[in-house]
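Chemist: Provided herewith is a single structure, encoded as C-alpha cells, for subsequent inquiry.
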Amino acid sequence: MSKLVGKLKMMKSAYVRVFNNFSQKMSLMVMLGYVLVLLSSFVESVYFFEFMLWDLNSLSFSVNLLLDSLSMMFLGTILIISGSVLMYCYWYMDDEKNFYRFMYLVYLFVGSMMFMILIPNLVTLLIGWDGLGLTSFLLVAHYQNNKSLSGSLLTALTNRIGDGLILASISLWAVNESGWVLYNFESQFVNFYFILALIFGGMTKSAQMPFCAWLPAAMAAPTPVSSLVHSSTLVTAGVYLLIRSYPVIKGSLFLMTSLKFLSLFTLVLASSVAINCFDMKKIIALSTLSQLSVMMFSLSHGLVSISFFHLVMHALFKALLFLTAGAVIHSLKGCQDIRSMGGCWSILPSSMVCMFIANCSLSGLPFMSGFYSKDMILDLMFNSSVNFWCFMIIMPGLMLTSFYSMRMVWMVCFGSNKVSISTLCLKEPKSLLIPYSLLAVGAVFLGGVLTPMSECLFSYRSSSASEMGTLGVLFVFGISYVGLISVSSKFGKDFRGLFSFLFSMWFLELLTHGVKKCFFDVSGTILKSCDKGMLETVGPKGLYSFCMKLSSYNENFQSDYFLKGMLFFSSFFIGALSFLFFWN
C-alpha cells in the first residue's frame, strides 16, 4: 500500500512539474501577445516581407507576409487567447484518451489562423482558410458520437460553400488583375460577381444569415475548442477577410447594403432565439452570432476600424466567458442546462466572478473593454445618416444581449437548483486562476488602454458622452430582466408554436438539414447508379467479367478444340506417312 501511495505521489509531482513548465511557456506566449497588441498602436506603416523558398532558372516560389497595425493587434490577440486556452486544456481535457492528438489539432487550428492573418496573397491564404475548415471538422468530431458527427458535418459542408466562393473570387481577381495580392490596395477592378463571391464567402465563415445554422451545431466540440472558435479563429476569419478587402468590396453599394440588412436579420435571429434558450453553450454561441452581426453591420456602414476594434475586444471577453462556462459544465459532469444549475457561486467562486466580468463586458458596462467598442459604434450611428429601421433593429438587439446574458449569470450563480446533480459538483483547481487572470485583464482594461493610444488606427473620436448613459441603461435593463425569468418559461408553455419556431432558429436548422439531406440523397443516387452501377459494369467489374470469359474461352480452346485439332492433324499425318510408305 505504501508503495502505491509513493508511486501516486511521484506521478502527481511529475504532472505538476510538466504543468508548471507548460504554463510558464504559455504565460510567455500571452505576455508576447499583450506586447504585440500594445505595440500595434504605434505602427503606422505597412511592411511586406518576401521569403524566397525556391528559385531554379525560370521557376521560383516565394511567400509574402504582411505586417501592419491590424495584423499585429489580431496576432497578439490570438496569442493571448490560445495561450490561456492551452493552459486551461490541461485541466479540462486531462482525463481524455486522445489528449495529445487533441492538443496537436489545437496547435494546427491556431497556426492556420495565424497563417491566414499574415498572408496577403489570396491563393496562399487558402492554406490557412482550408486549414481552419479541416481542423474545425476534426475538433468538433473529437467526441465520437452522433451529435458530434452531425455537428462536424454541418460545419464542414457549410464552410465548403465559402471555400468554393473564395476559389471563384480568386479566379475572377486573377483574370482581371493579373495577380492575387488583395490587401491594402485600391483597385480599379470592380466586378460585381467577384465582390459577391468574396462577401458571401466571408459570410459563410462568420455564420451570417442564411449560413448561421452551423454555429450552434459546432457546440458539440469540447469547450476549449468552442472558446477558440467563437473568439479569435474560425468565425472571425470571415470578418477579418472582409475588413482586409474592404477597399475592393466597397465598390458595390448594392452588395454592401445587402450585407447590412442580412447582418441585422442575423442580429434579430440570434437575440430572439437566445432569450428562449436554456443550453449554456448555445446561449453563448448565439451571443457570438449577435456580435458578429454587429461587426458586419459596422463594416457595411464603412466603420472598418471600429468593426476590427470590436472584433478584438469581443475575442477577449468571449474566450473568458467560454472558459468559465466550461468550468461549470465540467464541474457538473457535463450538464449544460442552466435550469439544472444554481448556487455555483459558493462552489466555483473564481469562475463565477470571471463569468460576471465577461458578461459585463459583453453587455457594454461602462469602462469595460466591450463598452469602448460599442460606444464607438453607437456614437457613429447616432451622428450619421443611419436608416431609422436599422436603428430600431440594432438597439433592441443590443438590449437583448444584456437580457439573456444576465439571465444566464443569475440562474447559474443564484438560481434555485432542485436537481440532485448539485451533489456531483467538483471544485475548481487553483491552476484555473492563471488563464482566468490573463484573459480578465484584457476583458477589463485593454479597451480603455487602447482607445487613447490608437488614434492612428481608430480615427473616430466620440463626440459626446451620451452613449455611456445609453449602454448603462441597456445594462440595467439586462439586470432587470433577471426578474422575468419565470415569464420566459411561461411563454414557452403558452405559445408552443412560436417557441418551436424560435428554438429551431426560425426553422433554419430544419431547412439546413433538409438541404443537406437532399444533397446526400442525390449523391447516394449517383453513387448507386454511376459508381456502383454503370461505371462498375463498364469499368472494373466489366473488365473482370470480360477477362474471365476470355480466359474461359482460351481454356476451353486449349482443353477441347486444340486437343481435337492436334489429334486430327496427328492422325492425318500418320495416315499420310503410312500411305506413302505402303504405296512405295
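Our numbering is plain: 1 for the first residue shown, then up by one each step along the chain.
Cβ atoms are placed via backbone N, Cα and C, with glycine included.
Caution: TrEMBL annotation is automatic and unverified by curators.
Pasting the relevant annotations from TrEMBL:
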- 56-103: domain 'NADH-Ubiquinone oxidoreductase (complex I) chain 5 N-terminal' (DOMAIN)
- 69-90: transmembrane segment (TRANSMEM)
- 102-119: transmembrane segment (TRANSMEM)
- 121-392: domain 'NADH:quinone oxidoreductase/Mrp antiporter transmembrane' (DOMAIN)
- 164-183: transmembrane segment (TRANSMEM)
- 189-207: transmembrane segment (TRANSMEM)
- 253-277: transmembrane segment (TRANSMEM)
- 289-309: transmembrane segment (TRANSMEM)
- 344-366: transmembrane segment (TRANSMEM)
- 386-410: transmembrane segment (TRANSMEM)
- 404-574: domain 'NADH dehydrogenase subunit 5 C-terminal' (DOMAIN)
- 431-450: transmembrane segment (TRANSMEM)
- 470-488: transmembrane segment (TRANSMEM)
- 495-515: transmembrane segment (TRANSMEM)
- 561-583: transmembrane segment (TRANSMEM)
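Looking at the shown structure, can you explain where the listed features end up?
Modeler: For the transmembrane segment (189-207), same-chain residues at least 6 beyond its ends with a Cβ under 8 Å from one of its own Cβ atoms are 129, 132, 158-159, 161-163, 165-166, 168-169, 172-173, 176-177, 214-215, 234-239, 241-242, 245, 248-249, 251-252, 255, 259, 262, 266, 289, 292, 295-296.
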Chemist: Can you say which of 69-90, 289-309, 344-366 has the most Cβ pairs under 8 Å with the transmembrane segment (386-410)?
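Modeler: Between the candidates 69-90, 289-309, 344-366, the best contact partner of the transmembrane segment (386-410) is 344-366.
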Chemist: Give me the stretch from 69-90, 253-277, 431-450 with the greatest number of Cβ pairs under 8 Å to the transmembrane segment (102-119).
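Modeler: Ranked by Cβ pairs under 8 Å, first place goes to 69-90.
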Chemist: For the domain 'NADH-Ubiquinone oxidoreductase (complex I) chain 5 N-terminal' (56-103), would you mind checking the mean pLDDT of the predicted model?
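Modeler: Here the mean pLDDT over the domain 'NADH-Ubiquinone oxidoreductase (complex I) chain 5 N-terminal' (56-103) amounts to 82.
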Chemist: Using Cβ distances below 8 Å and needing 3 or more such pairs, separated by at least 6 in sequence, tell me whether the transmembrane segment (431-450) contacts the transmembrane segment (253-277).
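Modeler: Counting Cβ pairs under 8 Å (6 or more apart in sequence), the transmembrane segment (431-450) does not reach the transmembrane segment (253-277), since there are fewer than 3.
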Chemist: Residues sitting near the transmembrane segment (344-366): Cβ under 8 Å, six or more positions beyond its termini, same chain?
Modeler: 287, 291, 313-314, 316-318, 320-321, 323-325, 327-328, 331, 374-375, 398, 401-402, 405-406, 408-409, 412-414, 425, 427-428, 432-433, 436, 439-440, 443-444, 468, 471-472, 474-475, 478
Chemist: Within the domain 'NADH-Ubiquinone oxidoreductase (complex I) chain 5 N-terminal' (56-103), how many residues are helix, strand or coil going by DSSP?
Modeler: 29 helix, 10 strand, 9 coil
